[in-house]
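Annotated features in Swiss-Prot:
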REGION    1-249  region '6-phosphofructo-2-kinase'
MOD_RES   29  phosphoserine
BINDING   46-54, 168-173, 348-351, 392-396, 428  ATP binding site
BINDING   79, 103, 131, 137, 173, 194, 198  beta-D-fructose 6-phosphate binding site
ACT_SITE  129  active site
ACT_SITE  159  active site
REGION    250-469  region 'Fructose-2,6-bisphosphatase'
BINDING   256, 263, 269, 306, 337, 351, 355, 366, 392, 396  beta-D-fructose 2,6-bisphosphate binding site
ACT_SITE  257  active site, tele-phosphohistidine intermediate
ACT_SITE  326  active site, proton donor/acceptor
MOD_RES   444  phosphothreonine
């Protein structure tokens, strides 16, 4: 029996790993998040204007945010790339042989790209966004998944509420490239005829005929659900997420606590109280929220003194969430960047090399923070109007989710003090309004310096540190 290998600690993530032939051996857990032992193919099902693309985009954004490499494949976009000008609904008529041929070619081209992404490029989840309304088409896609070793999960969106369908048409389809420069009434009429082209051949997922498939059916954007044969952890995460999202119009307000005493001194972390300007900001925030006249607003804070002091000025009930606490800087808590460079120059350089994955000694990384904040995202998706009073790193993670930012961008998103970000979900994304509340504050944003080498001189390591007392 071979003797156990020696262990060494990864300097970036602080994870113990085997040491072999004088070098650390790369273990699967160091390569990235892996929640399934084989890739997953998510297949959308449903008539046009049922919110399939909305669901596809949200699901893709969520999975990428939690660290699961995911890509959306929209067959409609493949069709637009192949047929440069859209004329009318007649392209979708079931007896239009040329249209049928082109649409099949587009589906096959998309599936070929799915295969490349999942089998060659390291993808974990592909979302195949098309109508897929016939049992024959779904069987073809399922067989494609079987042949390539993928687990297939169907997501069907059924909608019979005419108001919801009409709203989908107005919101999404009239902004579609198919209807650029077309009269609104004419576009609506054409799109309704396009839906009719699919209705006669539409075969919904059936509890008897499709009992061996893994799927979720979503009725009228979340009024009820049918879930069948959830096969693994990633599918259960997908189901849980889809059962939490809604389309009710609302806004989410994100802001940091008022300026703290440690912000003034350029010290990170800790649990300080507000500075005089921070207390002034909390009064301005109270006035701003009052002026907005927001219906049924919920207010959330962390369990740290500075966010609670900020919320107290609002004179409204608020909930304290421990998971909203600032990133734990471990041994670097309450230090200035200059002190970190002086005491831990290697750590300071490693953090600049990969700020998202770098974990402070005895502390956290941004990657850890994202995992910690997932319950907050789930609850934000369930809620309507919410104000979250949090911290710089936490706000960056939440903002990255709503704005679909990559992990490399996330730690450098600008979240200045005394500024409220109003996020309003729209058709396929999020509208952002930045509102500065006219109270001066120190700058706490540090850009990545050009030189991130571990042997760099101190002045080059500290070149982007903001001014402080």
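Placed from the backbone N, Cα and C atoms, the Cβ positions cover glycine too.
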- [ ] Determine, using Cα-Cα distances only, which of these recorded positions is closest to residue 392 (beta-D-fructose 2,6-bisphosphate binding site): 50, 54, 129, 257.
- [x] 257
TODO: Look up residue 54 (ATP binding site) in the DSSP assignment and report helix, strand or coil.
DONE: helix
TODO: Pop the Cα-Cα gap between residue 393 (ATP binding site) and residue 355 (beta-D-fructose 2,6-bisphosphate binding site) into the table, whole Å please.
DONE: 11
Task: Neighbour-count leader, CB within 10 A, recorded positions: 50, 103, 137, 257, 355 - done: 257
- [ ] Looking only at C-alpha atoms, tell me how far residue 103 (beta-D-fructose 6-phosphate binding site) is from residue 129 (active site), rounded to the nearest Å.
- [x] 13
Task: Most crowded position, judged by CB atoms within 10 A, among 171, 392 as binding-site residues - done: 392
Open item on the list: What whole-number Å value do you get for the CA-CA distance of residue 337 (beta-D-fructose 2,6-bisphosphate binding site) and residue 428 (ATP binding site)?
Closed with: 39
Open item on the list: For the C-alpha pair, I'd like the distance in angstrom between residue 269 (beta-D-fructose 2,6-bisphosphate binding site) and residue 326 (active site, proton donor/acceptor), rounded off.
Closed with: 7
- [ ] State the mean pLDDT for the region 'Fructose-2,6-bisphosphatase' (250-469).
- [x] 98
Task: Inter-residue Cα distance where the pair is the residue listed as 'phosphothreonine' and residue 349 (ATP binding site), in Å - done: 19
Task: DSSP-derived class (H/G/I helix, E/B strand, else coil) of residue 129 (active site) - done: strand
- [ ] Taking Cα atoms as reference points, rank the recorded positions 46, 50, 159, 256 by distance from residue 137 (beta-D-fructose 6-phosphate binding site) and give the first.
- [x] 46
Task: For residue 159 (active site): DSSP state (helix, strand, coil) - done: coil
